[in-house]
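For reference, Swiss-Prot has these:
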type: ACT_SITE; residues: 77; note: active site, proton donor/acceptor
type: ACT_SITE; residues: 189; note: active site, proton donor/acceptor
type: BINDING; residues: 14, 15, 46, 47, 78, 79, 190, 191; note: substrate binding site
């Protein structure tokens, strides 16, 4: 019976497809885990919506994942984590719920040497102040500098990961953070890990915190602690659910995932 509990999937969700960077990190860190992903591609972006709407949409996704009997959830969306994280945890009770902001903040604090941390994220995540709050909860003396970097999202989706336009945009966004002397930079949007090589070159001597990797690490730690790690599954099942299959979805999705997406199914929520 205990083994059946361990075989249950991890549920990962996002407002769109960026959260597939989290799925990729989970596949690499926990290769025996079954994973269900839900991307709300019909209603993306969440960043421009009200708190009540984001909470409402998030609850619908949580219900969907609970119906699929997941053993843990990963909020692979900075906006949802910032706005609806608390409500989601209230609903799921004792189930482990991980999120990119908590994991990213924790990793940034463990990485910084001079206590100056930069965050690049979308407008909503920056305006929510969620990263600064999570960091200051653990260390109130840390200087946290945030920079909204909304133009990077469409550039990543276009596949311009090494394009000169992207490089110039990154440089522009990094200027104020580097001027403040940060030694650690959190990639606070699920699209940004794809720009890690480029950002690393433009922000040399700055440690990059990839919240997809740190969330996967945290998931592994919590599952082990709860006795939920799947250690007996050489053929994991990966399922991808979306609320719409927009143009180029598979192409962009496979770029994020770093492999082919076989089981994509469309479902409507709400």
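Glycine residues also receive a Cβ, built from the backbone N, Cα and C atoms like all the rest.
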**Message:** Suppose we draw a 10 Å sphere around the Cβ of residue 14 (substrate binding site). How many other Cβ atoms does it contain, all chains included?
**Reply:** 28
**Item:** Tertiary neighbours of residue 78 (substrate binding site) (same chain, Cβ under 8 Å, six or more apart)
**Value:** 100, 101, 121, 122, 124, 125, 130, 188, 189, 190, 211
**Remaining residues near the recorded substrate site, that is with C-beta within 8 Å of the centroid of the site residues 14, 15, 46, 47, 78, 79, 190, 191** = 16, 18, 19, 44, 45, 77, 80, 122, 124, 125, 189
**Request:** Out of 15, 46, 47, point to the one nearest residue 77 (active site, proton donor/acceptor) in space (Cα versus Cα); all of them are binding-site residues in the record.
**Result:** 15
**Asked** DSSP on residue 14 (substrate binding site), three-state: which is it?
**Response** strand
**Secondary structure at residue 78 (substrate binding site), reduced by DSSP to three states** = helix
